[in-house]
Amino acid sequence: MKWGAARFVAAESLPKTVEVVEGLNKEGLVVALDHLGESVESREEATTATQASIDILDAIQSSGVDSNVSVKLTQLGLDIDEEFCLENVDKIARKAKETNNFLRIDMEDSPRVDVTLRIFNTLLDRYGKEHVGLVIQTYLYRSEQDVLELGKKNTNLRIVKGAYKEPARVAFPNKKDVDDNFIRLVKLHLQNGNYTAIATHDEAIINHLKKWLKEKNIPDDLYEFQMLFGVRNGLQRELVKEGYKVRVYTPYGKDWYPYFTRRLAERPANVFFILKNMFRN
Ligand code: FDA
């Protein structure tokens, strides 16, 4: 399993990760670094995770690589205490502002959306849209309303389909509805003049949006494509060749297991990819 995870995880240590980022930058890709981990159970673990993201921002500044940072609030103590989590993520957001960088807050499962929005809005008021942004999942019925609300504050949003198992009470059970909502919400946020990270590997959606972006003359500096490290590598580089900005979400660290198993659940073919390579070596 660990061997298989290497396809989706940059490295275990920060210095090695910075080397990987340098390589991606050389290929014209920009990066979002994520220190792996979620759902910590103790304050010590949350404090350590907070420091890890601060260290990433320092390493980005000192190495000069082109990368920002993503975090998950459960890694920063969300399930322990909301106020404690806010204190932790505030330290990272402050560092992002000090180093003229950007902090993206990932979205986790649906029971955590309201509290994530509360914490995010506090940070947005403190640090501004140039330094903090959020993720919206198009499988949730509520997301259109959230995009409209966040749009009023010109929030920088990463739009994704959503990776967690959700009940039909809160999320579209049919993939077609999730896909249609993805396109709808990307267009909505962009047409309201807001920065949008289009985070998908879905080539049909990407092609549709590329055409629409041209037709509507959406400025190049209002959006970027985003994909996961190790997924659709060829497509990432093709988009760069065509002149699009592409950011690779690049996880690193030792706590790779939950992240890796989500990638396998999304696409069981990944298991075969790993097995094939195991037999090859
Ligand atoms: P979809 O799953 O429909 O796949 C379309 C095609 O893409 C597939 O047919 C295949 O060709 C390719 N593909 C997709 N996944 C693949 C994989 N794992 N391996 C190989 N090929 C694959 N989710 C969330 O809930 N909260 C978050 O904060 C984030 N953050 C995030 C950041 C970034 C940069 C990305 C790209 C994604 C996320 N996600 C996320 C995950 C997201 O919600 C979603 O689960 C995955 O992106 C997979 O959905 P797609 O949009 O790629 O399409």
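Even glycines carry a Cβ here, placed using N, Cα and C.
Note: TrEMBL annotation is automatic and uncurated.
When TrEMBL records MET107, GLN137, LYS161, GLY162, ALA163, THR200, HIS201 as binding FAD, the matching candidate from LYS95, LYS97, LYS175 it lists for that site is LYS175. Cα-Cα distance from ARG262 (substrate binding site) to ALA163 (FAD binding site): 7 Å (rounded to the nearest whole number). Binding of FAD is attributed in the record to MET107, GLN137, LYS161, GLY162, ALA163, LYS175, THR200, HIS201, and the widest Cα separation among these residues amounts to 19 Å. Ranking the binding-site residues LYS161, LYS175, HIS201, ARG262 by other CB atoms within 10 A of the CB puts LYS175 at the bottom. Maximum C-alpha to C-alpha distance over the listed substrate-binding residues LYS72, ARG262, ARG263 is 16 Å.
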